[in-house]
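These notes are about the structure you will find just below.
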Amino acid sequence: MSFRQSYKLVSKQPIRWFPGHMGKGIRQMQQKLKAVDCIVEVHDARIPFSGRNPDFQHTLIGESVKPHILVLNKKDLISIKDQANIKEILQENERLKHVLFTNCKNQQCSGIKRLLPLANEIILNSARYNREGEKDFCVMIIGVPNVGKSSLINVLRNRYLRKKSVAHVGGIAGITRSVMEKIKINENPLMYMIDTPGILEPKIKNDEMGMKLALAGCLPDHLVGEDLIADYLLYWLNKNSRFDYVTEVGLEKPTDNISELLVTYANKLSVRRKLKRNDGQIVIVPDVLQSAREFIKLFRQTKFGLINLDSQLQT
């Protein structure tokens, strides 16, 4: 069976990727830079090359010449082999010296254990300019929405200070809306972190990058459309010969037709909704919106295996 070889977003209206609070967030972050010694950029390990905001490079990391650590979070959702390949490519192509993989749900994660000592080390070895006489170290956490920035702060605070969570978290993009005050992370050396709102680049370069961000949960599903995200997931699985979905949703064989998949899966889940026809009659039909949500959830819960959505960019 032949499948789509390229992806084109079919949508009645353009997707608004960049809510207003994001522009304000970038400006707030720039104003705080003078009080920062190091920048930790957090991104989703399933999309290591897609959607990292180039504005960060120009307006925050590049201009400020601050030490920079890239943390690829949710490492439990991709393979160890992928992690090694990703790190090698980032160090070679982007000259990124400091790349860590983390899982904020695991306090014993090696990346979590390494982060503070690494930040401490590179701050001590850097020119602190206007912060040279300061006793405390200050780290700014940046990244696109819903990649685990607040979770990272909470797990570090819990690990080093045995304190409860202070940064608000949620599995929905856009929980942190403004640049917060400094949050203490460690006593010795005295270290603070600044949590920031997730910032997407104002213009997503192409449809596929936008859909990868959406599938990883960096945008609220309903803003993009669950049916569109489900269709991109189906396209990606077929293109990468990942056919685990077939039995999972109750199909007999792979399909490139998202409507067929969603109706079949809705029937398997026994989810229905009422529909009023033009003649006024009420009919019961498969609830394809609910089955789209459940199909996306299968991916996010790794029911199709460990998936690096940028795997084709590694070749």
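Glycine too: its Cβ is placed from the backbone N, Cα and C atoms.
Summarising the annotation, TrEMBL assigns domain 'CP-type G' to 22-202.
Here TrEMBL flags ASN73, LYS74, LYS75, ASP76, ASN146, VAL147, GLY148, LYS149, SER150, SER151, GLY198 as GTP binding site. Sequence-distant contacts of LYS75 (GTP binding site), defined by Cβ-Cβ distance under 8 angstroms and a gap of at least six in the same chain, are ALA45, GLN83, PHE101, THR102, ASN103, CYS109, GLY111.
Other Cβ atoms within 10 Å of the Cβ of SER150 (GTP binding site), summed over all protein chains shown, number 25.
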